[in-house]
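Trainee: Structure incoming, see below.
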Amino acid sequence: MKALVKAKREEGIWMQHDVPVPEVGVHDVMIRVTKSAICGTDVHIYNWDEWSQKTVPVPMVVGHEYVGRVERVGAEVEAFRPGERVSGEGHVTCGFCRNCRAGRRHLCRHTVGVGVNRPGSFAEYVVIPADNVYRIPDDIPDDIAAIFDPFGNATHTALSFDLVGEDVLVTGAGPIGVMAAAIARHVGARHVVVTDVNDYRLDLARRMGASRAVNVAREDLRAVMSELGMREGFDVGLEMSGNGRAFRQLLEVMNHGGRIALLGIMPGPEPIDWSQVVFKGLQLKGVYGREMYETWYKMVAMLQSGLDLSAVVTHRFSIDDFQQGFDVMRSGRSGKVVLDWGVAR
């Protein structure tokens with residue numbers, strides 16, 4: 001089959017046409033991929049940075065954001081049938097550790113990542129356990145279904161705390177950050193402010209419903225808060241940037257008793273003024289992946305109740321033009337990039 005493969009221990013990803021079709025175990029589902037999306041993780045793997053070198057075995061079929069149709073099911077699978085439109089949870093868990101048995105599969109200490117530690121979805125076919133397959137309702141477009149993985153990250157992070165009537169600061173205007181901003185507005189936050197230094201992505205944040213999108217390289221965040229009539233600090237912080245300076249500013253403008261969910265990963269140790277956390281009584285929560293499968297349920301429910309994410313998909317290419325897609329993603333001047341496998345729905 002045709003697939004995008006991390007075939008060499010160097011920068012780049014390569015199209016190969018002779019990749020073996022993955023085998024289907026008795027509890028597995030084979031999905032024929034119709035559309036894929038490029039994730040920031042895929043860019044890290046493309047760049048072959050320090051994290052990728054330590055994490056990804058080579059060769060590896062990459063990719064974990066997709067939508068497709070069930071092609072084949074294992075002998076013990078009864079919940080799905082060929083032809084159904086589906087996506088899939090990209091974290092394969094053990095099912096036996098304490099967290100898995102308690103229904104907290106997103107905290108499994110033995111998680112294996114699709115497209116990172118096992119063959120992924122930048123391929124004509126991907127095989128995952130049936131437990132990881134999620135059926136897509138007919139009223140959700142393919143382009144949106146293809147980005148359920150990062151949409152799930154945004155949902156898990158944004159819905160970590162009650163947002164109704166709250167003032168929310170999102171640090172980082174990447175695709176996940178702007179989707180989190182849209183979610184916050186959808187569920188009833190009062191002011192949703194997004195910060196970044198990338199004007200392209202700040203404009204995208206405005207289109208996604210942010211009250212204000214602030215370039216902190218040249219704008220005063222506290223002045224913006226004053227203009228919005230905020231007399232105290234932010235009630236909820238969503239840290240999406242993985243930038244130490246952004247996180248420190250977030251701590252400075254949080255209200256006492258504020259709550260912070262952290263999804264962004266800082267590249268190394270960062271000096272933090274912990275007195276901001278202690279004396280303000282802040283709550284910090286690390287977020288990884290999606291809650292299985294409550295996050296997925298809420299994603300569908302929000303889309304069906306009017307959440308509009310269409311603006312976040314900014315570029316579309318044929319899979320044969322994947323290099324253009326990666327170039328756009330690496331430029332920083334894009335939202336989500338979707339690759340079409342040319343398969344009829």
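Cβ coordinates come from backbone N, Cα and C, glycine included.
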Trainee: Asp196, Arg201, Leu263, Gly264, Ile265, Val287, Tyr288 show up in Swiss-Prot as binding NAD(+); which entry in Ile176, Ile183, Ile319 does that record put in the same site?
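Mentor: Looking through Ile176, Ile183, Ile319, the residue Swiss-Prot assigns to the NAD(+) site is Ile176.
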Trainee: Work through the binding-site residues one by one (Cys39, Cys94, Cys108, Ile176, Ile265) and point out the residue whose CB has the fewest other CB atoms within 10 angstroms.
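Mentor: Ranked by other Cβ atoms within 10 Å, the binding-site residues Cys39, Cys94, Cys108, Ile176, Ile265 bottom out at Ile265.
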Trainee: Given the binding-site residues Cys100, Cys108, Ile265, Tyr288, state which is nearest to Glu65 (Zn(2+) 1 binding site) when distance is taken between Cα atoms.
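Mentor: Closest by Cα: Tyr288.
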Trainee: Taking 8 Å from the centroid of the Cβ atoms of Cys39, His64, Glu65 as the cut-off, which other residues in that chain fall inside it around the Zn(2+) 1 site?
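Mentor: Apart from Cys39, His64, Glu65, the close residues are Ser36, Ala37, Ile38, Thr41, Asp42, Gly63, Tyr66, Gly90, Gly115, Gly120, Ser121, Asp149, Pro150.
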Trainee: Could you check the binding-site residues Cys97, Cys100, Leu263, Val287 and say which one's CB has the fewest neighbouring CB atoms inside 10 Å?
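Mentor: Result for the binding-site residues Cys97, Cys100, Leu263, Val287: minimum number of other Cβ atoms within 10 Å at Cys97.
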Trainee: Would you list the other residues of this chain near Zn(2+) 2 - those whose C-beta lies within 8 angstroms of the C-beta centroid of Cys94, Cys97, Cys100, Cys108 - in sequence order?
Mentor: Thr93, Gly95, Phe96, Arg98, Asn99, Arg101, Arg105, Arg109, His110, Thr111
Trainee: What's the number of neighbouring CB atoms sitting within 10 A of the CB on Arg201 (NAD(+) binding site)?
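Mentor: For Arg201 (NAD(+) binding site), the 10 Å Cβ neighbour count is 22.
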